[in-house]
């Protein structure tokens with residue numbers, strides 16, 4: 001690791017340090033610089049002094065950890081009602097306790113851990129988590145909140161240890177710990193039943209493990225090296241298992257690994273076999289191990305959630321057949337489709353759902369004012385259709401008529417069972433998708449016109465002309481216009497109950513949007529077969545669940561009057577999120593970063609880019625820096641560079657996302673910017689102290705500067721802490737409010 005100037009105070013000479021796993025100064029700044037610095041440095045401290053220094057490190061770490069836990073667990077039980085997204089993740093924890101299948105756009109690990117924490121703390125999974133503001137009453141919610149607060153509390157000591165490892169400076173680590181301890185935003189996110197503290201825990205744990213195994217680079221394949229390398233892989237699996245945002249820390253570790261292997265390849269003292277061992281170790285610990293653990297979380301997820309629930313409709317018919325309580329589980333239904341059968345028709349594109357209609361009409365100006373046809377994700381009587389011949393109204397279920405199977409190429413009519421209107425299309429334009437035709441329900445008691453006729457085709461026929469339930473992939477081609485029935489996946493406005501648009505597309509290219517299968521099938525004239533043979537294997541389930549999650553993530557769009565934010569808002573702390581309460585009688589909690597901390601972080605990023613660029617250009621031009629400045633420059637460029645990369649990877653990808661975004665998405669990046677701030681200001685103060693001739697004056701400048709930063713963040717926390725811990729009473733504009741005079745930006749709406 002790079003050297004640093006002293007630990008407790010600024011010194012005029014550079015004191016090189018040994019890393020925990022060997023000589024790191026020589027590797028960082030070169031043998032000549034290190035030797036010159038060592039020659040001028042004080043004598044090596046006595047063993048007793050080193051023990052005292054180590055005890056001081058542990059005592060400071062204990063103090064930082066204690067303060068972090070104290071701030072996070074203070075008033076953890078308030079408010080005793082649902083706040084913000086607790087309604088989602090608390091409910092999902094209940095689903096795990098009740099073993100009820102549900103769908104979420106995030107991987108399962110975070111919700112599983114919340115459910116486990118609730119179960120172990122005595123929560124019975126009976127609270128409904130219907131909406132924010134509902135009181136918990138006698139239900140035990142503290143176990144789940146306490147678990148999230150515990151992981152959120154560990155972020156501070158993790159950041160402390162990361163900065164200490166990167167800079168070898170206790171003051172830099174202490175400043176970083178203070179920034180995160182006294183940030184109201186990190187505090188708020190850590191106190192509720194949310195995925196954010198769990199995600200940030202694994203991100204920071206992976207970062208800490210990575211810098212620890214980097215520090216053991218001169219002892220490869222030793223027990224500490226293997227431990228930290230394996231722990232990095234475990235934490236990568238944890239981060240990705242909570243949210244797909246965990247991919248960003250995987251990219252950072254991946255870049256670090258590639259860079260490390262590249263340097264090893266250029267070390268001619270190492271044999272090709274040794275380099276191969278390094279490569280193999282990283283493949284095993286950073287690829288195979290995380291993938292195995294990540295896959296194992298899904299195995300547990302599917303094993304636990306074995307009962308039918310609200311997420312069934314997002315998945316395929318074959319998937320649903322494995323869920324206890326689903327109408328397809330252990331079911332037996334007729335195998336081949338026949339006229340007169342009552343069926344449901346499911347779109348094969350994930351998370352689009354069932355062909356659906358209801359009595360509501362398209363509004364004026366949206367094509368023909370006829371009955372709406374949509375797709376709907378949930379089981380519903382309005383999903384039922386009767387399949388009939390196109391040219392007769394005779395009842396095919398009449399015992400006097402023989403059974404007649406539906407075959408590939410038949411012209412059919414689909415009559416909506418609840419409203420007796422036929423599936424219909426015409427040349428009117430679809431509601432949302434241009435150049436597609438509108439699909440409606442038309443007719444009275446099954447009697448309509450020729451625009452109700454569809455030709456049914458089996459895609460890639462393998463079983464002859466008959467149409468099989470669940471197995472046959474079918475297309476419905478409109479006889480008059482030649483268009484193909486499909487779903488665009490676009491969400492209709494409120495007049496369409498925010499269900500998904502169904503259109504008839506004139507483009508005949510085969511896509512999953514226009515391919516369907518028959519799921520439910522009722523026909524008393526036909527024999528039944530068991531559906532057990534159709535249940536998918538685990539790899540098929542795993543692949544399908546990821547396709548559904550990715551599509552669900554991309555489909556997250558803001559609803560009417562829903563507050564969202566843009567990525568450029570986040571670093572400047574432009575606007576927060578209301579967690580609870582809106583008036584003077586409510587318990588009000590508002591997610592907003594401590595403005596002093598956040599604006600200091602923003603300034604630090606700008607200063608780092610400026611100072612780092614100057615130093616990098618100077619070094620590239622061959623400038624000879626004093627040993628002290630060179631050591632600090634290496635700390636800034638290498639340690640700070642790691643943290644700047646982490647900030648960029650966890651921030652800039654959000655500019656490319658089309659999904660709905662919220663302020664809380666920035667907090668992983670904020671952790672990296674706070675660590676960068678700690679290293680930057682410690683380095684700046686040391687450079688200022690080094691430039692002064694007087695040793696006592698240098699020490700005074702350094703200590704005063706550091707104390708000013710620490711006390712400033714602590715005092716700003718004192719001013720803004722009511723936002724995190726909650727307020728009741730006058731609003732901010734009232735002089736009697738605890739937040740009076742603190743609304744520094746008009747966009748803050750606390």
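Glycine residues also receive a Cβ, built from the backbone N, Cα and C atoms like all the rest.
What TrEMBL says about a protein is an automatic prediction, not a curated fact.
Marked as domain 'MIR' by TrEMBL: 334-390, 403-459, 464-521. The feature region 'Disordered' is assigned by TrEMBL to 1-20. Annotation comment: TrEMBL describes 54-71, 112-130, 142-163, 192-213, 225-255, 279-300, 596-619, 631-654, 666-689, 701-720 as transmembrane segment.
For the transmembrane segment (225-255), same-chain residues at least 6 beyond its ends with a Cβ under 8 Å from one of its own Cβ atoms are 21, 106-110, 195, 198-199, 201-203, 205-207, 209-210, 212-213, 216, 219, 281-282, 285-287, 289-294, 297, 549, 553, 642, 645-646, 649-650, 653, 665, 668. Listed as Cβ neighbours of the transmembrane segment (701-720) (distance under 8 Å, sequence separation of 6 or more from its ends, same chain) are residues 9-10, 171, 174-175, 178-179, 181-184, 592, 594-597, 600, 681-682, 685-686, 688-689, 692, 739, 742. Mapped onto DSSP helix, strand and coil, the domain 'MIR' (334-390) counts 3 helix, 28 strand, 26 coil. Only residues 6 or more beyond the boundaries of the transmembrane segment (54-71), in the same chain, are considered here, and those with a CB under 8 A from a CB of the stretch are 150, 153-157, 160-161, 164, 170, 174, 177, 180-182, 187.
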